């Protein structure tokens, strides 16, 4: 086989023109109006967050008057079902813990146990002044916990005494925004810790008033103040003297 010296090899421009003519130019595909209305482009992470924020199942932990305001949401006037809130009685079926009211030292282990039994991811809303800082019940009380964030991590603080139902809705909306912006890859790296944002416990040592000696004393007042014993005896003698004079007359 002999090569024809007069036949030249095709140029690169001719090859490019032939390729474009046979294959067609590669461009951005056009999306029709019908196609754009039926297809949504998103990520698996956004889809997962969207499903969770629309189905928050709260576990209600009400210990005081703040819980009455949350109970008002169940009625038709506020209708909290539109946010996908389904109250649960078991912590294993809930992903939102709403703490409403004063938390005492005796109830603290039970609250921590309920939080630990909730599956991840889980969220906590501290509702009311008594839950956030201890409130008025912690002024001279040695049993009130001054802030629930000393026991469990809190995602959202809802101040008020008590907060109105509209404020509870605002807290739920803010929590939904937080859930929508979460990342699945970063959730395992970032762990919730105790932040201790509330005031510390400053207890005053008070001596015991009832020490068992009041059973041996004449009155409980003398048991608390032994220095009044002489005055009490003198007053008692005067009363007995007056009563004898009245009886003789």
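Including glycine, each Cβ sits where the backbone N, Cα and C put it.
The [4Fe-4S] cluster binding site annotation in Swiss-Prot covers 65, 66, 130, 161 and is backed by sequence analysis. Annotation for residue 66 ([4Fe-4S] cluster binding site): spatial neighbours 100, 101, 127, 128, 130, 131, 160, 161, 162, 163, criterion Cβ-Cβ under 8 Å with sequence separation of six or more.
Residues 64, 100, 101, 102, 128, 129, 131, 135, 160, 162 surround the recorded [4Fe-4S] cluster site, their Cβ atoms falling within 8 Å of the Cβ centroid of 65, 66, 130, 161, which are themselves excluded. In the shown protein chains, 14 other C-beta atoms lie within 10 A of the C-beta of residue 65 ([4Fe-4S] cluster binding site). The Cβ of 161 has fewer other Cβ atoms within 10 Å than any other of the binding-site residues 130, 161.
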